[in-house]
Structure formats: structure tokens, C-alpha cells
Amino acid sequence: MSTMSDPTQPVFRLSMLVNDTRYRGITFQIIAFFAIVFLFGWMAWNATQNLAALGQNISYGFLGEGAGYDINQKLIPYASTDTHLRAAFVGILNTLLVAFLGCITATIIGVTVGVLRLSNNWLVAKLMSGYVEIFRNVPVLIWILIIFSVMSNALPAPSAFRGENATASMVMDAFAFTNRGVYIPRPVWEPGSWMVVTVFFLSIVGIFALRRYAVKLLFDTGREIPVLKLSLAIFFVPTLLVYFLTGMPISLAYPSLQGFNFQGGIQIFGSLIGLWFALALYTGAFIAENVRGGIMSVSKGQTEAAAALGMRPGRIMRLVILPQALRVIIPPLISQYLNLTKNSSLAAAVGYMDITGTLGGITLNQTGRSFEAILLLMLFYLIISLSIAGVMNIYNNAIKLKER
Amino acid sequence: MKKTVFLGALAIAGVAGVMASAQTLDDVKARGALNCGISTGLVGFASQDANGEWQGFDVAVCRAVAAAVLGDASAVDFTPTTNQVRFEVLNSGEIDMLARNTTWTFSRDVDLKLEFAGVNYYDGQGFMVPAALGVTSAKELDGATVCIQAGTTTELNLADFFRINNMSYQPVPISTASEAQQQYLAGSCDVYTTDASGLAATRAAFEDPSGHIILPEIISKEPLGPLVRHGDNEWGDVVRWTLNALIAAEELGVTSANIEELAAGTDNPEINRLLGSEGSLGEMLGVSADWAKNAIAANGNYGEIFERYIGQNTPIGLARGLNAQWTEGGLLYAPPFR
């Protein structure tokens, strides 16, 4: 006799969507979703309507038209007769270049300063905290302008290198530091130079193989080999040997003053240097704080245990503390990289032709297609930011604590 | 159903927003002030004096229009605009007119839906170099580093000039004029290029103006003039004919000194029509009968404005050149007032 019947399901009424806590959350989420979709849809619709009323339909046809302006720093061939699209690509490459250089430099500065700030040496620790506080608390645009104008005013103009009584001279006859940028020698590749390059890369692979072998040897037999000396030997000897055997196929073209400017070498533009250093120093200050936080999150017992095993401070930091600290450091580091990349759009202040300067600057002005250009810019920065975050997340997953 | 009504209402609101811009003249009258877009600061054309009042050649056009429409030359709210945003600011309705050394080009007139009300300064792009450089012609600038203001027609002219003459150069695009001058003075570029009038104005502000020379080549035509939004012809007419009135006044010998006397009536019917003592030009334009008299009285006629702000006796020291009356070999030629 089964009197135990299932409790009758209450009949679903429409009012339960609001009054019943089981459904209320979902109801409001759906309402919010539609409200947001509607809001953005309306904004887009309104924009197209108003542009159409002004007689300006959204069109990307301008990308195929001739740009008509020149760009100073171009990583791919570009002339004023090329299209706006190609000008945009030149800008994209310039953005990526300064973001790449900036991220690497900021990381090096950040890790160094972050570690040194925890130093027991009072002077070093205070100097580093001074750096962090000064750079972190002044807007990056100001730093860009400061570093750029210091460069333009402190360094000599190319004309100062001219004549008998030149007031400036080149460093080692190869490097010229001017207020338009730094000129360095340019390698000239002659036939046969590929062999030298190949051998060079092979020897780098060899160095990594050697280090692996050395670790394995140490673990298996407890025998140590002089890794540093052998690495240096592998780095230099084969490459130099091939270089001289093939008859010195790589030479250097030195910059020399011709006319108004230095010609013949590679010019690293002052605007690139100013932007790069400012972004690196600014973001480096934030990364330093991340690194310091990460290191302090590793319990002191780890250091003491490592010291008890007889490890020296440098090794403790490198082999015990930093690998654990990385788990705390990496996630905020990702957002610092994103900040740096997005801050590179301040390039216009110093005339560095990044994507904001080409597509979002001159192209926008010359064609008047501001709506289209800004949409493209947003899309570009979105893709770049998501890519950086994606790559860094893969790295983060690789080093994070493996939970089993 | 309800949604459709809502969307419809929004559509009307959106269209109404655009329609409203077609009656700028009424808006200005109702507001009692003219919103005028000017440069962010170019000595002689638009700059603030010691009292914070905007003064200059372009500013005078704004004041003349305000005087013509409202009878009060001081009823102007000035909006300084940069090269990059000037057209958006105008098209969005934030300002009623733009008087900001803007070059009249085909694509701006046709594609950007702007309407140029005439030309108040015939200019051309030139080059300025330090005298110590020893350059006497723009053809000797092969390989030079050139500072330019980004977002102007000068970038395109520059690229064309160097391409035609088979020369190379390095552009340094700087977003504001002052920053570009800093770079030029620091020697991080050899040449500074912009409109010749702008070069003269810039040089006048230097510590040592004689240390810099403006090269003889003028590489482009730069007719600079005030502009309004496309599609509001009544308002466009007001600005166009105010400018023409200033030019015609100089041709007819009407100055701020004798205007009261001439407004009472003269033997010259053209002067009478211009100053409103004969005919009904003001009524046709939708403003008061003494509109042109107010406009001219505000700052004087074209010649007076020129001499006061950018003429030979000012630090800018520009000659009339192309900007003389057609009767004196220049290009200024106001259509007849009848």
C-alpha cells in the first residue's frame, strides 16, 4: 500500500517569473540581455541613419584608394602612391614593433626592479622604490613627452657632426646619437652569408642541447662540466670559423653624414625610442610591483629550507622562489602587457606612425571616414589584445600549480 | 506592436535631430549667440589677447557674422578646434560655422558634405628653414627631415612635391602646431612646412625671427575660407554674403570710420543697397536691414581687418599679394550687391 505519492508539482504561473526565487534570476538575466542587445542595436542603427541623413553612407571603399602621404618609419615597402590599406598595415607593424619591444623591456626592468626592491641593501631598495613611485604616479603621456623632448633637446642635430670643428662625433665611428634618432651600422648580406647564419643558429641549438646534457649528467652521475665555458666556445668558434672560411660574406655599412641626414646605416627613430622607453619604464614600474607581490607571496620557509640545503641566495631566487612566484605574477602581467599595447596609441604625441597615426590619424583626416576608421581601429586593438591574452593564458596554464 | 511604435518614435527623433540643423539661422537668433569654431591658436589668425579675448583675422569673420545676424559683434562663443576634429565638430552641430584657415578642396566640399562660404585668404604651402642651413630653394631639400602638422592638406602636397621633383624626405608628423615648432627649433627637423601665412605667423612668435627664412617656392594653392554644414543654404548665404560685404566694403571705400556717415544715404546706389538705406537685401537674407553695416562696423572692412591682424605693420608682416582687391591685381572679387 503505497500512500507515498509524489508531491504534486505546483502549477507554473507567469507571476512566478518575478516572485519565485528559482526563476527570478533567469528572468532578469534574459531581460538584461535583450536590453543590452537592443541598446547597442539602436546605437548602431541611429549612427547609420544619421550618417545617411548627412549623405555619408558607411563604406570601406577608401581603403583601396591612394593614400598620398608618406610615412617615415616603414617595416614594409611603402610609397605615397600606395593605398590607405597598405598605410594601415605599415601602421599595424609599427604598433606591433613598439608593443613587442616595450613588453620585453618592461619585463626585464620589472623583474630586476621587483627583485632588487626586496634587497637587504637599504640604498638599492630605496632607489628602486623611488623609481616605482615616480613612474607609476605620473601619466604615461607625460613620460612619453618628457623622454622625447629630452632626446630632441639634449642630443645634437645631425648638422653638429659636420665640418672641421664638429661639436659632436660618432661613437666608435659606427654609432651616431642624434636628436632624430640613433643611427647604427647596417649588415650587408653577400652570397654565402646564409651559411654563417645557419651555423650561428645551429650553434645556439647546440648550446641548449649541451645544457640539457649537463643537467642529465649531473643527475645521473653527479659529475659537473664547465657549462659556461663550453657554451661560449660553441657560441663563437663555429660561426667565426665558417665566417672566415667563406671569405667574410657579411660586412657592415656604416652610417655617414650625407646632405641633411645620416645615410647608409639603420635609423632607429627618436619617436620610437621615446615611446619605447617611456612605455617600458612606466609599465616596468607596475610589473615590478607585481613581481614583488609574487615573491612575497612565497612563504619564508621556502627560502630557509633552500638555504638549509646549502643553496646560495642567487640560486634560491632562481630555482625556488621565482618559479613559485610566477603563478602569482603572470595573471596581472597579462593585463600590464595589454595596457602597454593599448598605451602605444599615444604615439601620435611624438609623431610615431603607429596604426592610430596612419589609419586613425592621417587616413581619417584625409578621407573624412572617421566612423569607419575608428571601427577598424577598435577591431584591431581588440584582436591584438585578445591574442596577447590568449598566448599569455597558454603560458599561465603551463606554469600554474598542477592539481591532481 | 508597442516596440514598433517605440522604434518609430525613435526614428522621428533621430530625423528631427538632423532636420533641426537645417535652420541654423533661427537657432542662432533664438540662442542670441553664434557658436564659431576657430583655430586652437595661431598668432594673427586666432589667438587670445592679454584680456583673454579672441582676436585675429579668422576671429574677425566670426564677429562680423555675429554682428550681421544679431547686431552684436561680441555675441560669439568661440570653440577652439584641432585639425583632426574640426569637421566632426561642425557636422555634429556643436558649432554653426568654422573660420579656421581651412583649405577649400573638392573632397571636403563634396565628399565631407561641407559648404565653403568663400575665400578670406588665398594662401599656398611654403617651407621655412633656419638661415644657417644655407638653403635658398626648396629644390635643394633632397633628403631633408620635414616637420608637418598632421591632419592637413600639407601632408599630401608635400608628398606630391617631393615625388614630382624626384627627391626623398623624412616626414615628422606632429599633431599640434606648437609641438611641431618645438621640434623644428630643437633641430630635430630641417624644415617646417605649412601654409605661407602660417609660417609667417609662426616665425613672428620665434625668439629670433631673422634666423629663419621662408623659401620662395609656393607648392600648392590653399584657398582658406569659412565653412558651414552642407544642406542649410539660408545659413550658408548669410555667411557667404557677410564675407562678401566685408570685401565689397573695401572696394567701395566703406570703412569703419565713415560708415555711419555713408549709412545715412549716398549717391552711390550700390553702397546704399549694401548698407540698407535702399532696397531690401537684409530682408531677403532673413536678417535686419542694417546687417552689412553692423558686420562692417564690427571690425572694419576686409582691408582694415587684414592690416590690423596680419598686415605689413604687424609682427606677422604679410603683404596683400593675391589678397588685394581685383582692381589692384589681387583675387578678391565680391559679386555685386543687387
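Cβ atoms here come from the backbone N, Cα and C positions, even for glycine.
TrEMBL has this to say about the protein:
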- A:26-45: transmembrane segment (TRANSMEM)
- A:87-116: transmembrane segment (TRANSMEM)
- A:92-392: domain 'ABC transmembrane type-1' (DOMAIN)
- A:137-155: transmembrane segment (TRANSMEM)
- A:192-210: transmembrane segment (TRANSMEM)
- A:230-254: transmembrane segment (TRANSMEM)
- A:266-288: transmembrane segment (TRANSMEM)
- A:373-395: transmembrane segment (TRANSMEM)
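Stretch with the largest number of CB pairs closer than 8 A to the transmembrane segment (A:137-155), among A:87-116, A:266-288, A:373-395: A:266-288. With Cβ pairs under 8 Å as the measure, the transmembrane segment (A:192-210) is packed most heavily against A:230-254, out of A:87-116, A:230-254, A:266-288.
For the transmembrane segment (A:87-116), same-chain residues at least 6 beyond its ends with a Cβ under 8 Å from one of its own Cβ atoms are 63, 67, 69, 71, 73-76, 78, 124-125, 128, 131-132, 272, 275-277, 279-281, 283-292, 294-295, 317, 333, 336-337, 340-341, 344-345, 347, 352-359, 362-363, 376, 380, 384. Away from its own ends, the transmembrane segment (A:266-288) comes close to residues 72-73, 97-98, 101-103, 105-114, 117, 128, 131-132, 134-136, 140, 143-144, 146-148, 151-152, 155, 178-186, 255, 333, 336, 339-340, 343-344, 346-347, 350-352 of its chain (Cβ-Cβ under 8 Å, at least six residues beyond either end).
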